[in-house]
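Shown next, in structure tokens, is the structure this report addresses.
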Amino acid sequence: MPAVSGVPAGGVPGKAYPGNLTPYVTVTCIVAAMGGLIFGYDIGISGGVTSMDPFLKKFFPSVYRKKNEDKSTNQYCQYDSETLTMFTSSLYLAALLSSIVASTVTRKFGRKLSMLFGGVLFCAGAILNGFAKAVWMLIVGRILLGFGIGFANQSVPLYLSEMAPYKYRGALNIGFQLSITIGILVANVLNYFFAKIEGGWGWRLSLGGAMVPALIITVGSLVLPDTPNSMIERGQHDEAKEKLKRIRGVDDVEEEFCDLVAASEASQLVENPWRNLLQRKYRPHLSMAILIPFFQQLTGINVIMFYAPVLFNTIGFGSDASLMSAVITGIVNVGATMVSIYGVDKWGRRFLFLEGGTQMLICQAIVTAAIGAKFGVDGNPGDLPKWYAIVVVLFICIYVAGFAWSWGPLGWLVPSEIFPLEIRSAAQSVNVCVNMIFTFVVAQAFLAMLCHMKFGLFLFFAFFVMVMTVFVYFFLPETKGIPIEEMNRVWKTHWYWSRFVSDDDNPKVEMGKGGRAIKNV
């Protein structure tokens, strides 16, 4: 297989650090992974709120009139409003900007402080949105939420990859994505019940409820230990060694500790990690930091999860039933993510990427045919048979499952585990920035694209699913079971990336030139 030419199926041969999956590190990673709750809650809550009539009537009356009073409106176009999409997508521009600042905070002050900032800023945004009286308050609140998400998404995946034993890194890191899916599900369930509150103020509870996941990550960041990598990076060597012994559950951590110190000292030589990213030897890392989040957003998943209630309403469900359908997709999302947790360190990253991509492609083709056959280009389906709408929901759920055990969790896992320490914070910021840029673009453009492209929108995303599946097959090496500081080996043995990475690029070899005797691995 081209992408793993010269690499055994079980990974790259190399070091096997001693260590166990201790209760301490398990609990630590579970608490840290809850940082994903804020991102997931927001994804789920925003789509549900924007389908609630009292919310639309108060803040977006033109959309409300188009939806409820003008029955001649094309179903594809009833939610097409630049202001409405700006409410949803302004968060992602803010997250993009804050992730750049978070890179410096994460590197100089540790992963915990970034997580704390994320929780506090998200909590402030939730309070402002819950008490919003005007559109500007909604937008400012969304921006604060975005700042919080930028910090959390930058620091949590790094924290998990650094804390976890390499044999279990995939499963523990995917806890972040599991939290995202749980956040989406909880938000969808709350939207379903809050929409039934008499007086039409349930949307305030939906938006203000974001304070709960914000407080979880805020308190969690205060009680969690810092990672040994981060402590070494800030000169706390003795404390880092003791912490490494505790999280690995063994006393024999000398080899791993020395490798972490060597990687940190190499990192200290890098004055500008952003400029360093452009070096030839980091070409594989930079490519993955850009292309993986780009493809993750172009799967079309956020279209489904942002606007699930809107989408189901469009394909013929009533507003109440559309929220319930969103709950169903949320349950599928959580269940399929658990499949990924079970299999990622057993079957490998590449298998899940390829299987999930193929599954999503097939489902998108079927959904396109189903919606196109009934809605055509005029967007007026007439009376939809109940069984027909159920079939569409079924294949959307299968699509969501494919994403949830492949591109969903692996889109965060793989970038966070492949970066050397000297560029790790900067590269993770690139990863988050690209993710947020295209989340913003897709969120902002989706309703207009739905209005103009009709059912062809699903073909648009299906094209990118096909391209990214081919990309994974040829260019993504397998990274399961490889210590995070030994990841350079996967590039050296890859049929394509080996031309950019050589033995001379190993940071530990470079440190030897500085006068310190460090074993070349």
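In case you wondered, yes, glycine gets a Cβ from its N, Cα and C as well.
The transmembrane segment feature in TrEMBL is assigned to 21-41 (among others).
Summarising the annotation, TrEMBL assigns domain 'Major facilitator superfamily (MFS) profile' to 28-480.
Annotated transmembrane segment per TrEMBL: 89-106 (among others), in sequence order.
Here the transmembrane segment (113-132) has long-range neighbours at 32, 35, 38, 59, 98, 102, 105-106, 138, 140-156, 159, 204-205, 207-211, 213-222, 224, meaning same-chain residues at least 6 beyond its ends whose C-beta is under 8 angstroms from one of its own. For 113-132 (among others), the entry in TrEMBL reads transmembrane segment.
Residues 29, 32-33, 35-36, 38-39, 42, 59, 86-88, 90-99, 101-103, 105-106, 111-112, 114-115, 117-129, 132, 169, 172-173, 175-176, 207, 210, 214, 217, 224, 227, 412-413, 415-416, 424-425, 428-429, 432, 435-436 of the same chain lie 6 or more positions beyond the ends of the transmembrane segment (138-160) yet place their CB under 8 Å from a CB of it. Per TrEMBL, transmembrane segment is recorded for 138-160 (among others).
A Cβ distance under 8 Å defines the sequence-distant neighbours of the transmembrane segment (172-195), meaning residues of its chain 6+ beyond its ends; these are 25-26, 29-30, 32-45, 48-49, 52, 156-157, 160-161, 163-164, 202-203, 205-206, 209, 213, 305, 308-309, 319-320, 323-324, 326-327, 329-331, 333-334, 337-338, 340-341, 344, 404, 408-410, 412-413, 416-417. Annotation source TrEMBL lists transmembrane segment at 172-195 (among others).
Long-range contacts of the transmembrane segment (201-224) within the same chain: residues 28, 31-32, 34-35, 37-38, 41-42, 45, 48-49, 52, 54-55, 112-113, 115-116, 118-120, 122-123, 125-127, 129-132, 141, 145, 148, 152, 159, 183, 187, 190-191, 193-195, each at least 6 residues beyond the stretch ends and with a Cβ under 8 Å from a Cβ of the stretch. If you look up TrEMBL, you'll see 201-224 (among others) marked as transmembrane segment.
Taken from TrEMBL, the feature transmembrane segment applies to 286-310 (among others).
The transmembrane segment annotation in TrEMBL covers 322-344 (among others).
Annotated transmembrane segment per TrEMBL: 351-375 (among others), in sequence order.
The transmembrane segment feature in TrEMBL is assigned to 387-408 (among others). Sequence-remote contacts of a segment are chain residues at least 6 beyond its ends whose Cβ falls under 8 Å from one of its Cβ atoms, and for the transmembrane segment (387-408) they are 177, 180-181, 295-296, 299, 301, 304-305, 312, 315-317, 325, 328-329, 332-337, 339-340, 343, 352-353, 355-360, 363-364, 366-367, 370-371, 374, 468.
Taken from TrEMBL, the feature transmembrane segment covers 429-449 (among others). Counting residues 6+ beyond its ends, the transmembrane segment (429-449) has Cβ neighbours under 8 Å at 79-82, 84-86, 88-89, 92-93, 95-96, 99-100, 102-103, 146, 150, 153-154, 277, 286, 289-290, 292-294, 296-298, 300, 302-303, 306-307, 411, 415-416, 457, 460 in the same chain.
Residues annotated as transmembrane segment in TrEMBL: 455-476 (among others). The list of residues near the transmembrane segment (455-476) in space but at least 6 beyond its ends in sequence, with Cβ under 8 angstroms from a Cβ of it, reads 1-3, 287-288, 291, 295, 298-300, 303, 349-350, 353-354, 357-358, 360-361, 364-365, 367-368, 371-372, 375, 407, 414, 446, 449, 496-497.
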Checklist line | Remote residues contacting the transmembrane segment (89-106) - C-beta distance under 8 A, at least 6 residues beyond either end | finding: 42, 46, 113-114, 117-118, 121, 139, 142-151, 153-155, 158, 230, 273, 425-426, 428-429, 432-433, 436-437, 439-440, 443-444
